[in-house]
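Participant: Straight out of Swiss-Prot:
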ACT_SITE  Cys112  active site
ACT_SITE  His249  active site
ACT_SITE  Asn279  active site
REGION    250-254  region 'ACP-binding'
Amino acid sequence: MIFSKISQVAHYVPQQLVTNNDLASIMDTSHEWIFSRTGIAERHISRDEMTSDLAIQVADQLLTQSGLKADAIDFIIVATISPDATMPSTAAKVQAAIAATSAFAFDMTAACSGFVFALAMADKLIASGAYQNGMVIGAETLSKLVNWQDRATAVLFGDGAGGVLLEASKDKHVLAETLHTDGARCQSLISGETSLSSPYSIGKKAIATIQMDGRAIFDFAIRDVSKSILTLMAQSDITKDDIDYCLLHQANRRILDKIARKIDVPREKFLENMMRYGNTSAASIPILLSEAVQKGQIRLDGTQKILLSGFGGGLTWGSLIVRI
């Protein structure tokens, strides 16, 4: 049988740094108010780089680190809710920029679960035997979706990108998987609506910026995500003691605190970086993974079991247990 493994990781964030104090100068908020509720102290905001620019930086790093030629890449998946345009896809721009002429490329839209969903799909593509090498990148410029007059949401989000290179392997590395969607609760977190605009249309005004029912999302993350992780471990016969690190979507420190207690995993196993990047949606998990590799916490030698878990708009949530 053929399996997939993560062989390389990379991340990139825009240079512009915006602190909580910077935000306090343009809206009614403070560092203390933001940090005490979210654990976020600063975030990176793009001045002129588009989502594809961030993703291209990551793709270039992955190629350089791997030593592969661009034409060895079979597919590129970019998870994003903030593409440059509806078409072409952000992934198509990445494919062109790195001259991966043999690769097919497409975007995945699953909000903050996007990287986990895309990684699960990429694993199946390689397991099919038809493809050997693929890139999975989460990239966002959420700053263009934020209502900068709404302090409840504007303080939460940042821009950035992270990704992995997947290669074929004779050994199984994706050990367990669970993916979920509940469209009945989709109105809890929305952005980027478009209006019907033909001469024959009568429609409501679209909501372009991020709108969130914070309490509903907070409760959803604690209840549904915790339950799915516990079910995943039980079904796969993997215990909490088997897990080396938990890399969850970086939405809010209090969410991580409560999930850690719910699944009874030591809090120190939960890596976090939301204090420096904010919520980067589909980019948050791969950025966290890349930083953990840089710090030597995760070794990429196939000896550690890592829980990856994303949750967000859709509503979507999903988890993978991966040997890295």
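In case you wondered, yes, glycine gets a Cβ from its N, Cα and C as well.
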Participant: Could you state the CA-to-CA distance between Cys112 (active site) and His249 (active site) to the nearest Å?
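Facilitator: Counting only the Cα atoms, the answer is 7 Å.
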Participant: Counting across all protein chains present, how many other Cβ atoms fall within 10 Å of the Cβ of His249 (active site)?
Facilitator: 31
Participant: If you average per-residue pLDDT over the region 'ACP-binding' (250-254), what number do you get?
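Facilitator: When the pLDDT values over the region 'ACP-binding' (250-254) are averaged, the result is 98.
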Participant: Please state whether DSSP places Asn279 (active site) in a helix, a strand or coil.
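Facilitator: Going by the DSSP assignment, Asn279 (active site) falls within a strand, counted as strand.
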Participant: Rounded to a whole angstrom, what is the C-alpha distance between Asn279 (active site) and His249 (active site)?
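Facilitator: Taking the Cα atoms only, Asn279 (active site) lies 8 Å from His249 (active site).
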Participant: Per DSSP, what is the residue tally for the region 'ACP-binding' (250-254) in helix, strand and coil?
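Facilitator: So the counts come to 2 helix, 0 strand, 3 coil.
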Participant: By the count of other Cβ atoms within 10 Å, pick out the sparsest of the active-site residues Cys112, Asn279.
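Facilitator: If we count Cβ atoms within 10 Å for the active-site residues Cys112, Asn279, the smallest count is at Asn279.
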Participant: For Cys112 (active site), just give me the three-state DSSP call.
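Facilitator: It is helical.
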